[in-house]
Amino acid sequence: MTNRNFRQIINLLDLRWQRRVPVIHQTETAECGLACLAMICGHFGKNIDLIYLRRKFNLSARGATLAGINGIAEQLGMATRALSLELDELRVLKTPCILHWDFSHFVVLVSVKRNRYVLHDPARGIRYISREEMSRYFTGVALEVWPGSEFQSETLQTRISLRSLINSIYGIKRTLAKIFCLSVVIEAINLLMPVGTQLVMDHAIPAGDRGLLTLISAALMFFILLKAATSTLRAWSSLVMSTLINVQWQSGLFDHLLRLPLAFFERRKLGDIQSRFDSLDTLRATFTTSVIGFIMDSIMVVGVCVMMLLYGGYLTWIVLCFTTIYIFIRLVTYGNYRQISEECLVREARAASYFMETLYGIATVKIQGMVGIRGAHWLNMKIDAINSGIKLTRMDLLFGGINTFVTACDQIVILWLGAGLVIDNQMTIGMFVAFSSFRGQFSERVASLTSFLLQLRIMSLHNERIADIALHEKEEKKPEIEIVADMGPISLETNGLSYRYDSQSAPIFSALSLSVAPGESVAITGASGAGKTTLMKVLCGLFEPDSGRVLINGIDIRQIGINNYHRMIACVMQDDRLFSGSIRENICGFAEEMDEEWMVECARASHIHDVIMNMPMGYETLIGELGEGLSGGQKQRIFIARALYRKPGILFMDEATSALDSESEHFVNVAIKNMNITRVIIAHRETTLRTVDRVISI
């Protein structure tokens, strides 16, 4: 047997009192199955995160079946057994295992204790379920999962290194060096202050030497003024560093976010993306306010400890003993603290997503009489988030109380022992006062150091959340060839195009080949759900096909570069949106230089010019992101005008005239046809189909 095989067998042995099941929250709306597998793998020693699983197993936004989860588990080296069982039989399951929950979700059953069931829910965290609730939501299907013969204990997690983040900031090293030097001066003064007090009490007062007293006081005043000036300069340098980090980190992450593929956004909620982006602020705040403090606290702990040994001898070991007790308590409770922190972040993000979703659909909410229901659901989510915050605050208060108690006990013991040494003439009063001052600094610095180190561990949580965005591969690849911007009408061709939502599902379309000549108009028809919109997104470069190619003028769009390709085409999709600004800005795409004549011509072609001119402010009329004050047909015509303004070589239209009356639709179709643009449209209306050169059914 090789050493590697022996280590694998040892890793499979459970030699601890109890193996912990980690809590992993799902990021995408339909990856609860992956999260459950990640939790169980972590329990058995294979530490993997959702980023790794998502890359290896491309699941659909529509979710996974139990059979799909079973297949993924086997690829991870796990053995499985699917069971159909009654509620009373849950006690005999090998835990942790996966339960099918409420016919639309998967959770991990951790343990069964009498009539209480402990679940790790990827959507809600740790839950303690009663028998009645379990009976209501458990569907009777479970999946036992345990290490198979090919299972390996390993760590497959994705992180962003702090070094790479720091090196990405221009001017940060020089600023850090300046802050460090200023901090050394401040901390040196802090060490000198108790020495000055000791000199006054042991030399100036007993000798009645006012000259020495004045000299020491003047020196202390000088050091105080120097400390104040240095502290102000350090605060300004910290502000400069914070600004540098804030601008460069946020701009870099936002630019990366905008370049991620569309599928990234379709599988996530906006509130969760916002929450992950906000985690960057938490990292920045921790780095700018705590890293320098951590370095100086470390130096001061050593320096103060040396001073205590010089002044107090064995009393120093008493201080170290009480300090160790506090550190031990913090370390023991760290796991629970991190779990509550993650729970708080996830619940806040869920409430924010629900809030934005409600506002985006406010008209539907009102018409369907859902105001009370949506309000109650949001309130419940917000209360869950607040309760998590209360748990976190409660733990902070507990730690503060423990620190106060330990420090007080330490102070009393040192007072009793130190006073005894003074009485026995083994220590002067000045030395005792100085030692007490050093003891206070030591306890304060160690508590701060412990909090920072644990906070740094908590930062790994924010690191994971940011990594989900920052380490996701961008859709843009470096173009291999240069393309002239204005190419006129463009030919479109596909060769053997195939696409599926994930590796577990059947293809939406397979080996699809079609060609559209320059200036030709083609309509794509088919039954609802046949994949027309998905095909359109593949043709537009929003989705990458599993196989096959999309070519324009005989050139693969991947050679051109997705961004370059998007500059050559225009799309009007079913779910298009307007942005906050004027109608002029929306039609012109918020360009710095706007072509007034061309804008009006595009508005006339989309049959919206007269409507705009009848508005009090004309093209300067302000609209919001939801397009308030405009009908559905008016919005669609503005979308079409916006697409035409780009002077595209190909115009893609997905039910782009579905909200128009027949007269307006006919006018728009004829106007666009006369522009000699290659058109690919999805439509069902006969009036639209009559204006195209060819119809393709899928």
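A Cβ is built for glycine as well, from the same backbone N, Cα and C atoms used for every other residue.
Annotation source Swiss-Prot lists active site at Cys32, citing sequence analysis. Under the heading ATP binding site, Swiss-Prot lists Gly526, Ala527, Ser528, Gly529, Ala530, Gly531, Lys532, Thr533, citing sequence analysis as support. Taken from Swiss-Prot, the feature domain 'Peptidase C39' covers 26-145, and the record attributes it to sequence analysis. Residues annotated as domain 'ABC transmembrane type-1' in Swiss-Prot: 176-458. According to Swiss-Prot, the domain 'ABC transporter' annotation covers 492-698. According to Swiss-Prot, the transmembrane segment annotation covers 33-53, 92-112, 176-196, 211-231, 289-311, 315-334, 412-432, on the basis of sequence analysis.
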Self-check item: DSSP residue counts for the domain 'Peptidase C39' (26-145), split into helix, strand and coil
Solution: 42 helix, 43 strand, 35 coil
Quiz item: Minimum Cβ neighbour count within 10 Å among the binding-site residues Gly526, Gly529, Gly531: which residue?
Solution: Gly529
Practice problem: Give the distance between the Cα atoms of Ser528 (ATP binding site) and Cys32 (active site), rounded to the nearest whole Å. | Solution: 28
Quiz prompt | Distance, the residue listed as 'active site' to Gly526 (ATP binding site) (CA atoms, angstrom) | solution = 33
Practice problem: Could you give the residue numbers and ranges of same-chain residues that sit at least 6 residues beyond the transmembrane segment (92-112) on either side and whose C-beta is under 8 angstroms from one of its C-beta atoms? | Solution: 21, 32-33, 36-37, 39-40, 43, 63, 66, 69, 83, 85, 118-123, 127, 137-146
Exercise. Average the per-residue pLDDT over the domain 'Peptidase C39' (26-145) and send me the rounded value.
Key: 85
Quiz item: Within 10 angstroms of the C-beta of Ser528 (ATP binding site), what count of other C-beta atoms is obtained when all protein chains are considered?
Solution: 7
Quiz item: Taking Cys32, Ala527, Ala530 as the recorded positions to compare, which has the smallest set of other Cβ atoms within 10 Å?
Solution: Ala527
Practice problem: Provide, as an integer number of angstrom, the distance between the C-alpha atoms of Ala530 (ATP binding site) and the residue listed as 'active site'. | Solution: 27
Quiz item: So for Lys532 (ATP binding site), how many other CB atoms are inside 10 Å of its CB?
Solution: 23
